[in-house]
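Everything below concerns the one structure shown next.
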Amino acid sequence: MEQTLKGDETGWWVVSDAVQIWLPQGELPCGTATKWSLQGKTARQIGEWQEQPVWLVCQGRDTDMASVRQLLDQDVGLFQLAGRGVQLAEFYRSHRFCGYCGHEMVRSKTELACLCHHCKERYYPQIAPCIIVAIRRGEEILLAQHNRHRGNMYTVLAGFVEVGETLEQTVVREVMEESQVQIKNLRYVSSQPWPFPHSLMMAFMAEYAGGEIKHDPKELRDAGWFRYDQLPQLPPPGTVARRLIEDTVVLCRAYHENEG
C-alpha cells in the first residue's frame, strides 16, 4: 500500500523517474527517509533486502540519476529489486489514463495494478518473455555481436517469444533466424528478470546439430564459433548471458580434455 513518508521510515530507497534510478555515490541509498530528504513523498514497499524494507518513490532527482545497469555488479537480489522498482515506476507512468475509456486511473491499494473506476478495467505490469541460448559445438561456443550492443562485446543468441509459441519453439526459431544453425538437446538452465524495459529472460543450453552460420545483418554485426580458451569480450558478470557462457565453457573444456 502507498503511504506518505513521515521521515522515520527506514530501508532501501528505489527513487526512479521510470527510466533511471537515483544512485548517490553510485549506490542505492539506505537509511531513513529524512536522511535522504524523502519525507512528504509518496512511497510503496516493493520487497525486502537484508531484513530491511525496499521502498519505491516514483520521482526523479536533479543529480545522480543513472541506469540500473550500474548495480549489475552488486548482489543479484539487490539488482532484481532495483529493477523491479524501475519497471513499476514505468508502469505507473504509462498507465495514468485508461486505454479503453480514457479516464484517469488510480493505483490499487491491494496489488500492483492500476484501476479505472469508470469502466472497471484493471491493468497489470507487462512482462515480455524472452529466450537466451548458449550453443556448443565440441570445444566451441557460438557467440555474436548484436547491433543494439555498444563496443566489441560478443554474447549468446536471444529473442522475444511470439504469440502462440512455446519457449522451445522460440529457441529453435530465433537460432535459425539469426544464425541459420540447427540445434539439439535443448535444456532449460535458469531465468533472470531484465528491466530493459520489462523482460524476463529464460536461459537455455543446446548443442549444435547442423548448418553453416549465416548471421542476420538486421540483428547481428557478426557471429562465429569461438574456442573456450579464445573468447572475445563478454557480457558483464551478474548477467544470465555471462552465466550461460561460463557454464558452456566448462562443458567445452571437459570435451577438450576427454577428446585429447
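Heads up, residue numbers simply count up from 1 along the chain you see.
Cβ coordinates come from backbone N, Cα and C, glycine included.
Swiss-Prot lists motif 'Nudix box' for one of the ranges 27-48, 159-180, namely 159-180. In this structure the C-alpha atoms belonging to C98 (Zn(2+) binding site) and E219 (divalent metal cation 3 binding site) are separated by 34 Å. Residues R69, E111, Y124, Q192, P193, W194, P195, F196, P197, H198, S199, A241 are the ones the record ties to substrate, and the longest Cα gap between any two of them is 32 Å. Residues 128-131, 133, 135, 142, 144, 186, 188, 199, 202, 204, 206, 211-216, 219-220, 223 of the same chain sit 6 or more residues outside the motif 'Nudix box' (159-180) yet have a Cβ under 8 Å from a Cβ within it. Using the Cβ center of E174, E178, E219 for divalent metal cation 3, the list of other same-chain residues with Cβ within 8 Å runs, in sequence order, L157, A158, G159, V175, E177, S179, D216, L220. Here E178 (divalent metal cation 3 binding site) comes close to A144, L157, G159, H215, D216, E219, L220, A223: these same-chain residues lie at least six apart in sequence, with C-beta atoms under 8 angstroms from its C-beta.
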